[in-house]
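Remarks on the structure that follows.
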Ligand code: F6P
């Protein structure tokens, strides 16, 4: 399909500076920005400060037809086996009520089970519970961590600690902050085989035991797609909250993996999160190509990755509540689209997932923005902000925060000429801005669903499978052989490192 993309190289090579495009087309802003109403939330997307033109959008629409984007989207929502390498559907949207009827019904009934357990904890079935230590890693930690941090940290109905790293220091910190007599442990693992999670879970049970808790396993809950493994591990079926095998790890915060948010934020907030995501599903499914936020975002991504050979993309959250968003997106984007072969197994001829990185504004302005304004990299940037603040302090805080956010986008685009090369800003640097009306459950649900669908649309344009992750397995297998077989031979460098710390 390389031939079909030749227009993009040409378009990118001949592109006009972004500022001039505004001067040439008074409709540019309205054509390349849109509000997406997601029930109780509205998200505003502004793609106009990128080099994308409306002609480009038309060409991308033709490419979408060649790559059968509409059909792929229907197969996704229809629960078809779209993850062909693992022979599975990808049914995360069913968790929020969008998808094949059977999957939606199953998700609904499993969610009622989760709410039942939340209710039992709140009603005192396990004695007084003040703390939850949630143990999981990757998709079993990043999503719940972000939800709790963004939406429940302030008024939490239960104090939550998310522990992912197998470095015991992470768990020790959680132990120090919790009273074992009033703590429950949630063990979150889709497969219930992940070494780090099982190691941490065992230490948590030992901690409860040492601290005199009579039935430590009785304080454990499993959030998993492998209930039989959780049961073998020692958790009673009544405290196992299953979710479907067809929900991928990095797409699982909508399922029982989101338990910490359901417990700390409450059922109403969890339902609102799902409703916001469902509204974004409907938008992705029904909005026309040129007014479809995830699709336009994917066009921008493809424009820079293919047309300008950009290798990275930076996301800056101008809101403390969204400080974990860049970490969350790293897994979603890079584990999904960091691939080198197409669906057929042919080597790809394009750069796949951009390396996604970022931070929080305004902090990042004082750390990495020098490179963004004057460095040599081609680097599309994304700003995410909220019109409403997440605090009751002087409104000036939020005014300064948002002025800085919008000023950065303007400065990157307009630049500032100077005779002194050190003080010269070349400008014409692209950025996208996403403005939420507030960081509410509905808005965050819609935002995450937007990113999921953008990843999917990118994958379709690249003809790759975003739903597998075989690249993580080799390192795990080698680590296991180090742990289990002292005689395994390694290269001299690895061997020397192992001997230095007594591992061989
Ligand atoms: O190692 C990668 C990975 O498989 C992720 O895809 C997943 O989110 C994470 O590990 C945790 O897996 P699990 O939920 O099965 O413990």
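Glycine is treated like the rest: Cβ placed from N, Cα and C.
Note that TrEMBL annotation is computational and uncurated.
Now, the feature entries from TrEMBL:
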type	residues	note
ACT_SITE	335	active site, proton donor
ACT_SITE	366	active site
ACT_SITE	476	active site
For the active-site residues listed here, 366, 476, which shows the highest count of neighbouring CB atoms within 10 A?
476
Please list residues from the chain of the residue listed as 'active site, proton donor' whose Cβ is under 8 angstroms from its Cβ, counting only those at least six apart in sequence.
138, 250, 469, 471, 472
Measuring Cα to Cα, tell me the gap between residue 476 (active site) and residue 366 (active site) in whole angstrom.
37
Under a three-state reading of DSSP, tell me whether residue 476 (active site) is helix, strand or coil.
helix
